[in-house]
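Structure record follows, encoded as structure tokens.
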Amino acid sequence: MAGVKIFDTTLRDGEQSPGVTLIPEEKLAIAKQLAKMKVNVIEAGFPISSDGDFNAVKMVAENVKGVEVAALARCRKSDIDRAWEAVQHAENPRIHVFIASSPIHLEYKLQMSEDEVLNNAVEAVKYAAQYTDNIEFSAEDASRTGTDFLARLFKAVIDVGAKVINIPDTVGYAVPSEFGQLIKDVKEKTPNIDQAEISVHCHNDLGLAVANSLAAIENGASQVEVSVNGIGERAGNAALEEIVMALYTRQDYYNLDITQDTTQIARLSKLVANSTGITLQANKAIVGANAFAHEAGIHQDGVIKERTTYEIMDAKTIGLDHNKLVLGKHSGRHALKDFLEKYDYELDQESFESFFKRFKDLADKKKNVSNADIIALLDNELYDYEKIYEMEYISVLTGKGLLPTATVRLKKEGEIIQSAACNGDGPVDAIFQTINELTGIEDIKLMSYKIDAVTEGKDALGEAFIAAEIDGKIFTGHSSQTDITEASAAAYIEAINKYLVYTKNK
Ligand code: KIV
Ligand code: ZN
């Protein structure tokens, strides 16, 4: 059975979402999860755009195996050199060059003729070919470009070595039947198309990115460019989880082989939401909190009698079996190791021992520990980045008629620093003010602060999530603990640490 290649651009187009900043270590954690899900290509970034992006692409290329890694470049030698420098050590590196092709972009943005664009594209592909034969060429704003020019352009770049030609609906203007027809026309009009793969890259301005991508697949596209949770420029890109689950659930219709591991979807989605600070609407398809919830009595009754009456997908297929109680305070190292293996977490001996201790602490506080609890604890340490500040101690005094006061002790590069007690409007504000004073970073604007219970019950772990604006960029922090003040402080410190790592990288 034929398949469709999944090209994930969460780390490139997704990172172009307004306000999103990911440090290289966050990108690496996301890339590893994408590889676990078995996407075919990871577009790790646009190396010429900043040193941080260059480092992130390099880190992903050097550390993530079993997947192609792509780096984006404009049709310029300096971009291509930088892209190659960053991506060259990947197991299978790809250079992705692009230039706009539509009349509106040619006239107003590039001020170039069609022939000039074509020559530029040909020169860029030839230049990239000295490094690799894995070259993708994108005609930006292709959906607003005439098919005659598109076919001429694609023929020319395929002649000099492009192996993938990408047809982006850059501004999300296309509608499904028209976009499907465009793919068909390009296929028919490009004489050497059998030497290249057809890819599509759809934006979601009209909410049609997934529908357009699926229409393209039906008309001959064999690669789709997607992002986790559909994040990306403006309204975002086609959502990875929606495309994969549509192809999986409707295999009877599409008749395509799905090689991705769908059970990694829930974890991947949460990781991206936590790292980017772009949270999900409850009714978001596949990964929203309500995607598998039933409210109407008739529906609940139906599902109890037979799940498939109202569910076309099983939550387990996307990796949601989180309420299962798995371990308790009598569980030993062996049981925990089995769990980690089953869920594909790799910890070295030292990290395992310290994680085992944290698990035991939790099991002492909670009678039964669920999958979700353990995964939440593991998620506290997803990013292996330089932790400039670490929390040593925290105490908060609060109550009716009392001025909330916090005392915090942090460790900075091995040295203990302790604050005098600071006040705040509430206990959490008092903690944050105290941390500001200790770190000397005062100009922090809290954009989002949320506390959630990881599972049900009064002994549930509290999960704190923070998005903070520091120096005009947004950094996120996340932590799950039995004490929500501790979780809040840890999440706040994580956001500050990421800011400091980002500044260092810059
Ligand atoms: O939307 C777009 O056209 C892009 C290209 C760079 C592929 O992101
Ligand atoms: Zn795009």
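Each residue, glycine too, has its Cβ placed from N, Cα and C.
Note: TrEMBL annotation is automatic and uncurated.
TrEMBL names HIS201, HIS203, ASN237 as Mn(2+) ligands; from the candidate set ASP8, ASP13, ASP425, ASP429, the record adds ASP13 to that same site. Secondary structure of the region 'Regulatory domain' (390-506), assigned with DSSP and counted as helix (H, G, I), strand (E, B) and coil, comes to 35 helix, 50 strand, 32 coil. Between the binding-site residues HIS201, HIS203, the minimum number of other C-beta atoms within 10 Å of a residue's C-beta occurs at HIS203.
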